[in-house]
Amino acid sequence: MAVKSYQAGVTQYRQSYWQPDYMPLDTDILACFKITPQPGVDREEAAAAVAAESSCGTWTTVWTDLLTDLDYYKGRAYRLEDVPGDDTCYYAFIAYPIDLFEEGSVVNVFTSLVGNVFGFKAVRALRLEDLRFPIAYVKTCGGPPHGIQVERDKLNKYGRPLLGCTIKPKLGLSAKNYGRACYEALRGGLDFTKDDENINSQPFMRWRDRFDFVMEAVQKAEQETGERKGHYLNVTAPTPEEMYKRAEYAKEIRAPIIMHDYLAGGLCANAGLANWCRNNGMLLHIHRAMHAVIDRNPHHGIHFRVLTKILRLSGGDHLHTGTVVGKLEGDRASTLGWIDLLRESFVPEDRSRGIFFDQDWGSMPGGFAVASGGIHVWHMPALVTIFGDDSVLQFGGGTLGHPWGNAAGAHANRVALEACVQARGEGRHLEKEGKDILTAAAAHSPELKIAMETWKEIKFEFETMDKLAIANK
């Protein structure tokens, strides 16, 4: 065996980390980056630099390289592609050996793949567009605490999307008034009400008071309607210890579901809370607050499809995914892509939806896609078409903004939903015939009729900032 000798100095990254003939292994974690290089840095060198700095390379040769097998552990840039319609950047595909990462730790994956490399001077901008997790890695992660089927069985609700509502105003209500708003919405026909992401334990409403009044509302609405109800109690807290304290109290008062802000609260805290929920029979609703800071810039950051995959591995039974038709960012094709990544057991590569790799989830359960943000009854036909049954449609202002109050707003949404589900079963085209379907239902529901009149002119027609670039192999 030849003995390698140490030679100090600086070499080009491409000499070790650009390998266009590499065939990725089934056990590799694959990444697609969008790279905008600095002037004068060629494509292969920039891609190799990203591969090196996100795996085991550094800026100079070090003698300790001889103490390990770099050919095994290094990341490899193996393919480059043009970005359609944008000649300032390109896609770089990088393969990482699975042994670079701690089992079951999406935190460890992120510290390498989206760590210091994102501040690297050789690239002007860098975006992680997609990841392929091999089934060997998926099997080491906890995933959703329960998943879609278990939640439906717990609630005894099948064959339709679930209905929810975020209580407004999001800040400032007392605990008693907050609970009253929940009760009215639940008895009006909703399945869930929800804490907003920034409701924690502020001076105007401490968390324990909110939990008590809300669960009183939930139990009263259940008794009156005969349906299982719930409220997403946000247990996001300043410390993990306080988070678990709130979760334990929610369990004590028999809440069926709690909530966590997984990006603001942190992936480590989220994985721990998901494990707790799994062990304690509690459903876990996930809010994505802070995501747009990370994913909205089309050239730098992390695409939301990656954040969706990370959440599914980390654990959550629900995830906010945008609405397509509401007030929040998200084009239809991309949204359908990450909805599938959240719910399906196998998602094939589909560049028309921005999916760069096949993704096999094995037997890991999926989660409910949550549509929330600027939606009202006129959006119901499109929402049922886009999101399907395994979703939660959350109308905040579209419930509490009803002229006749919360219960009437909830009733209007329930009637609209059931009309759309029935029409779908009859083979009607919901988006083309939506107006006729809702108008016919409103003839027997004054609450829906008033809701349709109230919001008939409300639209959110703004251009999507992060446009889907459809690329071919």
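The count begins at 1 with the first shown residue.
Glycine too: its Cβ is placed from the backbone N, Cα and C atoms.
Pulled from Swiss-Prot:
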type	residues	note
ACT_SITE	LYS168	active site, proton acceptor
ACT_SITE	HIS287	active site, proton acceptor
BINDING	ASN116, THR166, LYS170, ARG288, HIS320, SER372	substrate binding site
BINDING	LYS194, ASP196, GLU197	Mg(2+) binding site
MOD_RES	LYS194	N6-carboxylysine
SITE	LYS327	site 'Transition state stabilizer'
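Applying an 8 A CB threshold to same-chain residues 6+ apart, the list for HIS287 (active site, proton acceptor) reads GLU197, ASN234, MET259, HIS260, ASP261, TYR262, HIS320. Note: the CA-CA distance between LYS194 (Mg(2+) binding site) and LYS170 (substrate binding site) rounds to 10 Å.
Taking the mean position of the Cβ atoms of LYS194, ASP196, GLU197 as the Mg(2+) site, the remaining same-chain residues with a Cβ inside 8 Å of that point are THR166, ILE167, LYS170, ASP195, ASN198, ILE199, TYR232, ASN234, MET259, HIS287.
Take the binding-site residues ASN116, THR166, SER372: by the count of other Cβ atoms within 10 Å of each Cβ, the lowest one is ASN116.
Under the three-state DSSP scheme, LYS170 (substrate binding site) falls in the coil class. HIS320 (substrate binding site) carries a strand DSSP state (E or B).
Within the set ASN116, THR166, LYS170, ARG288, HIS320, SER372 that the record links to substrate, no two Cα atoms are more than 37 Å apart, and one pair reaches that distance. Among the binding-site residues ASN116, ASP196, ARG288, SER372, the ones whose Cα sits within 10 Å of the Cα of LYS168 (active site, proton acceptor) are ASP196.
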